[in-house]
Protein chains: 2
Amino acid sequence: MSKSIKLAILGLGTVGTGVVNLINDNLDELKRRSGRDIVITEVGIRRQRDDIDPNIIQNSDLMATAASDNVDIVIELIGGTTLAKDVVMHAIKNGKHVVTANKALLAEHGNEIFAFAEQHNVHVAYEAAVAGGIPIIKVMREGLAANKIDWLAGIINGTGNFIMTEMRDKGRPFADVLSEAQALGYAEADPTFDVEGIDAAHKLALLASIAFGIPLQFDKVYCEGITGITLQDVNYAEELGYRIKHLGFAVRRAGNGSGDDSAGIELRVHPTLIPQNALLANVNGVKNAVLVNSHPLGQTLYCGDGAGAGATASAVMADVMDLVRVLGCKDADQQNSNGHHVPHLAFIPEKLSDTPILRAEQMITGYYLRVHAYDSPGVLADITRILSDAGINIDAILQKPAHKLGQVPVIILTLPVVESQMNLAIEKIEKLDTITDKVVRIRLDELA
Amino acid sequence: MSKSIKLAILGLGTVGTGVVNLINDNLDELKRRSGRDIVITEVGIRRQRDDIDPNIIQNSDLMATAASDNVDIVIELIGGTTLAKDVVMHAIKNGKHVVTANKALLAEHGNEIFAFAEQHNVHVAYEAAVAGGIPIIKVMREGLAANKIDWLAGIINGTGNFIMTEMRDKGRPFADVLSEAQALGYAEADPTFDVEGIDAAHKLALLASIAFGIPLQFDKVYCEGITGITLQDVNYAEELGYRIKHLGFAVRRAGNGSGDDSAGIELRVHPTLIPQNALLANVNGVKNAVLVNSHPLGQTLYCGDGAGAGATASAVMADVMDLVRVLGCKDADQQNSNGHHVPHLAFIPEKLSDTPILRAEQMITGYYLRVHAYDSPGVLADITRILSDAGINIDAILQKPAHKLGQVPVIILTLPVVESQMNLAIEKIEKLDTITDKVVRIRLDELA
């Protein structure tokens, strides 16, 4: 057997421990697949621990571990975007390949990190950064490499999906389910990153780059959380044959012609009504799934655990197994020549495109509208006339009987419309005398 | 841009034409991803055609094209296991990398072909051979490379899935749907390969090898078709919360201890009741899907089009894109050293395992039984006693009212049991005086 591959793990929390356990459990399989021995030589942790194999060096100086001669691959699992960035850049500078599960780090600093890695002839692998154990980065960068990707839609935050699933299945309100998710350890004490969609936006930025060959542009992701979703809307959606999921979308829009500013890419995270019978609508609990529509393949779906020690360790070690093959190349030039490795963002750096990211007002989606009105004759006529004047096509209407307060919720599903048009229409609807409340709007996608 | 990658396509039927179209449609994306130009230099076809780009050499001598100096990668799309084998072996001998969509060829001759490829330092890539456009070979060989795979279950024949879907959705009998599938071009005039599960068995043999690191053993796949499935069973299954799908299973059994011959691998294709709410049960029409259960990742599902020109071309060209990177390596040794390429069967050849394939009688599954009996008191007691004596646990019973002939169908769902035990029990049940007909048995799996 050839020489061992030496790993350093920075950070030994849940995921780091998962990686250690995976190597212990599956070492035989790893060797049978790679033909190499794989050993953890060093761990970077703040405080010494006595439950660690004495053959492994424990180092509280993470920068030193990142540069250690005793290490081929540095696995960054400390999280955050400050120290993590420093150690990753330091590892790259010292010629180490890097594996990271850190979506925030890459979404915010990936362009800089990947360029630095190219410069130093090393790879930064990040399968674990998106959708946990689902090998979606490999699928999109390699498995779908011959396709032109039109759009993708993903459940890429397990906490959000758990909450949406429980609300529908058990008829429990948002706040109630969130508390349970926190108790179960699915959601953080501060759940903002999950329920406001920031975590999903990080992952979407990465997926969009490798789908379309564009630089990372996390700051341009339109992001809407699920805190405003009520049981009422969940139930109306079901009644109409839809289910509300918190999805990230990356969509390529061809526009209407040359010089047209409607051409570009939509990057958006928001609650979405999707057809009940779509597989994506039936991905429940903390599971993640990504649906990719590409030419000529059509739709493919990838589903699995998006978080947790085992799933994340699986992705981290899949990256290590890829790097083991790279390390089999004799000279450094071979390890990183353009003809040879999968580009960090799927497309070779000099061919990344400057396709613009569309503004929210330019985005095109269908809509679910819930309008509350006094039960006066003519209100439905007023609303539908406003929509029709704005060129918005109605796909379905559900008018429930007046409830005890004398208000009638009217539910309207529309065909896809440019957001700016919808904004204008809603403004007009809300000015009608018969309308008693703000219009509730949730996007809708047929996934067709 | 570095030198062009030169492709030869052998066979220009539906899939071959799909590959040509893909390259025409997506050449810009292919170049942006690979940094290389990709050109078809030669096609091997029996008769000259005038609808082909005049820059492409047309050669009716396929063996010559397979060995042409004008070619880096040979794409075999002629099908069958005779000429296809000759041209693949000839291409390998002449140092060409090969891409093939030919599941029958690899399932039956893959061990020989892969060994010959290793010997000649070239790769034989076969993403398109299993589940069409779903990148399941890449997912299992690379994406899940750090996992120990416990079992997989797949809908890996689109025709069969179309038939099972239509029977359930429309309440149409098997023969009726088969005729439609033939009219739609989903099923061949001779549908044996599809409906008897042989096509699925070819694919299962490939999946099992890369899951467990065992040689290809197509001849040991237990194979049962869907021709005997009736609407009656489809409906009873639904009533009990299950759906019947035609599935391929590869399952690793640990056995009960050392020297125990129950340890081994189950390879089986058969109709199976699975829970209605499982995602796999909701993969409809001609779609394929593979569910993989592995440690530590858990269950992941991969779904998409399993056939058709676009899906197959997508997989063929994904292989080409991988080989483009291999061809970026300067010397031949680098292209194929163990430390460097993904082994053909996921595990390095000298580490393939001789784990035995279990015989049908050793396999363990749950069962759906439909028993017809005269409506005499005590018949249910007799049946349940026989099952209980054989150590078979009943999970559910459904006894429908006696119909006009005075017979009562009793439906019994059992927990998993060794097949030989079930055979004995059924033999005893069929000997009861009160039993009027053969017991109908369909396997059942909770996919847990």
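All positions are counted from 1 along the displayed chain.
From the backbone N, Cα and C atoms, a Cβ is placed for every residue, glycine too.
Cβ neighbours of B:Gly13 (NADP(+) binding site) (same chain, under 8 Å, six or more residues apart in sequence): B:Leu77, B:Gly79. Secondary structure from DSSP puts B:Gly13 (NADP(+) binding site) in coil. As annotated by TrEMBL, NADP(+) binding site applies to B:Leu10, B:Gly11, B:Leu12, B:Gly13, B:Thr14, B:Val15, B:Gly16, B:Thr17.
TrEMBL lists B:Lys103 with the feature NADPH binding site. Residue environment of B:Lys103 (NADPH binding site) contains 25 other Cβ atoms, counted within 10 Å of its Cβ in all protein chains.
Take the CB of B:Glu188 (L-homoserine binding site) and look out to 10 A: across all protein chains shown you find 14 other CB atoms. Taken from TrEMBL, the feature L-homoserine binding site applies to B:Glu188.
The active site, proton donor annotation in TrEMBL covers B:Lys203. B:Lys203 (active site, proton donor) is surrounded by 28 other CB atoms, counting those within 10 A of its CB over all protein chains shown.
The annotation domain 'ACT' is assigned in TrEMBL to B:368-447.
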#### Entry: Spatial separation of B:Glu188 (L-homoserine binding site) from B:Leu10 (NADP(+) binding site) - C-alpha basis, Å
22
### Spatially closest candidate among B:Lys103, B:Glu188, B:Lys203, the listed recorded positions, to B:Thr14 (NADP(+) binding site) (Cα to Cα)
B:Glu188
### Task
Using the recorded NADP(+) site (B:Leu10, B:Gly11, B:Leu12, B:Gly13, B:Thr14, B:Val15, B:Gly16, B:Thr17) as reference, state which further residues of the same chain have their Cβ within 8 Å of the centre of those residues' Cβ atoms, listed in sequence order.
B:Ile9, B:Gly18, B:Val19, B:Leu77, B:Ile78
### Summary
Nearest to B:Lys203 (active site, proton donor) by C-alpha distance, among the binding-site residues B:Leu12, B:Val15, B:Thr17, is B:Val15
### Message
On the 0 to 100 pLDDT scale, where does the domain 'ACT' (B:368-447) sit on average?
### Response
91
### Message
Please give me the CB contact count at 10 A for B:Leu10 (NADP(+) binding site), counting all chains in the structure.
### Response
26
#### Entry: C-beta crowding around B:Val15 (NADP(+) binding site), within 10 angstroms
26
